[in-house]
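Here's what TrEMBL has on this protein:
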type	residues	note
COMPBIAS	1-16	compositional bias 'Low complexity'
DOMAIN	124-204	domain 'Beta-ketoacyl-[acyl-carrier-protein] synthase III N-terminal'
ACT_SITE	CYS130	active site
DOMAIN	261-350	domain 'Beta-ketoacyl-[acyl-carrier-protein] synthase III C-terminal'
ACT_SITE	HIS277	active site
ACT_SITE	ASN307	active site
Amino acid sequence: MTDATDTTDATDTTDASGRGRTAVLAGLGTFVPPRVVTNEELSRTMDTSDEWIRTRTGITQRHWADPGTATGDLAVAAGERALKSAGSGEVDLVVLATTTPDHPCPATAPEVAFRLGLEGVPAYDVAAVCSGFVYGLASAAGAIAAGIAERVLVIGAETYSTILDPQDRTTSVIFGDGAGAVVLRAGDPTEPGALLGYDLGSDGSLKDLIIVPGGGSRQRSAAAAADAPEPDPADAYFAMQGKSVFRHAVTRMAASSQAMLERAGWAADSVDRFVGHQANVRILHAVADQLGMARDRTVVNLDRVGNTSAASIPLALSDAVADGLITPGDRVLMSAFGGGVTWGSTALVWPDVTPY
Ligand code: ACO
């Protein structure tokens with residue numbers, strides 16, 4: 001099956017004592033590398049303009065890591081801050097969502113866990129591109145519901161600057177580097193911060209819409225054939241069919257958000273803040289329109305950080321709290337769409353958590 005939508009409820013699991021056991025948000029931390037790259041700077045090296053980028057995407061700047069800085073470095077910085085925000089360095093599982101791991105093998109999460117002083121805890125990567133953070137939350141919540149973990153550090157971290165073709169104006173202007181992390185703890189479904197379920201899905205028939213063609217077993221195996229052509233160096237770069245991605249992103253995020261609203265028992269107009277994947281402000285507004293939600297409920301921070309893929313939602317949550325747009329008790333709906341293609345949504349009532 002190429003088009004499978006799985007709506008999963010992790011909120012009604014009961015532990016041995018009969019109490020509900022669900023994942024509750026207990027901490028939030030973020031980190032972006034210091035180097036700011038403005039639209040103006042990009043327009044000096046490629047055929048683009050600040051005006052085009054701002055009007056077509058909403059982005060005015062992004063952060064790019066300096067050479068020598070990898071995804072794991074950003075993940076450690078955000079992870080440290082999330083643990084501080086949660087008031088405890090204790091976790092018993094680390095889940096890292098990324099499209100830009102430090103190496104094809106091994107996963108980045110174990111080294112991140114080690115560097116955070118979490119030696120010995122299970123740690124793995126989740127690869128769902130821009131939906132990775134929501135997939136990571138669902139995976140962590142499943143571990144909590146199953147009694148595998150009490151406290152989980154979920155990190156979304158990316159260095160897209162390492163896979164962008166500097167000559168490709170259709171991708172290089174869009175993506176930024178950064179990391180965001182949350183601590184989830186076992187708690188009660190009625191508490192503020194409890195994740196109220198998940199709507200997850202994928203459609204692998206659309207895998208070519210967002211792809212890094214080279215570097216994997218498909219190309220390596222093909223290259224081993226006697227008559228194989230030389231691999232194209234451009235295959236190492238990220239490629240995207242922007243227009244088609246735009247259409248699918250709107251349709252899937254709207255449908256997934258709607259499914260999540262039904263699961264949470266919320267009307268669209270009762271949502272205080274919609275935190276969608278920060279790909280394009282026109283996508284976010286189109287999704288809000290389809291949901292019948294006022295556009296001003298939409299959190300937008302892509303103007304400052306661009307599309308940071310798996311880091312996008314936690315960075316947007318943190319900025320919205322810092323800007324006073326999300327306060328304790330607010331109903332927050334989150335939705336993402338990314339390569340695969342994949343999509344996912346979740347929701348919570350914002351708890352009394354201060355991001356670092
Ligand atoms: N500067 C100037 N002109 C440009 C640029 C640029 N940076 N990029 C493209 N153009 C040109 C194109 O060449 C085209 O010119 P033409 O009409 O002469 O052929 C024109 O602008 C229009 O191009 P479109 O691709 O039609 O522009 P569009 O309005 O669709 O915007 C964009 C492109 C921003 C990529 C948009 O399609 C988009 O946001 N797509 C969705 C991206 C997304 O959601 N990604 C999330 C998932 S990504 C992930 O999972 C990692």
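In case you wondered, yes, glycine gets a Cβ from its N, Cα and C as well.
Feature annotations (TrEMBL) mapped to structure.
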residue: CYS130; record: active site; DSSP (3 states): helix
residue: HIS277; record: active site; DSSP (3 states): coil
residue: ASN307; record: active site; DSSP (3 states): strand
DSSP-derived helix, strand and coil totals, residue by residue, for the domain 'Beta-ketoacyl-[acyl-carrier-protein] synthase III N-terminal' (124-204): 25 helix, 28 strand, 28 coil
Local confidence of the domain 'Beta-ketoacyl-[acyl-carrier-protein] synthase III C-terminal' (261-350) - pLDDT mean: 98
Sparsest-packed of the listed active-site residues (CYS130, HIS277, ASN307) - C-beta count within 10 angstroms: ASN307
Rounded distance in angstrom between the Cα atoms of HIS277 (active site) and CYS130 (active site): 7
Integer Å distance between the CA atoms belonging to CYS130 (active site) and ASN307 (active site): 9
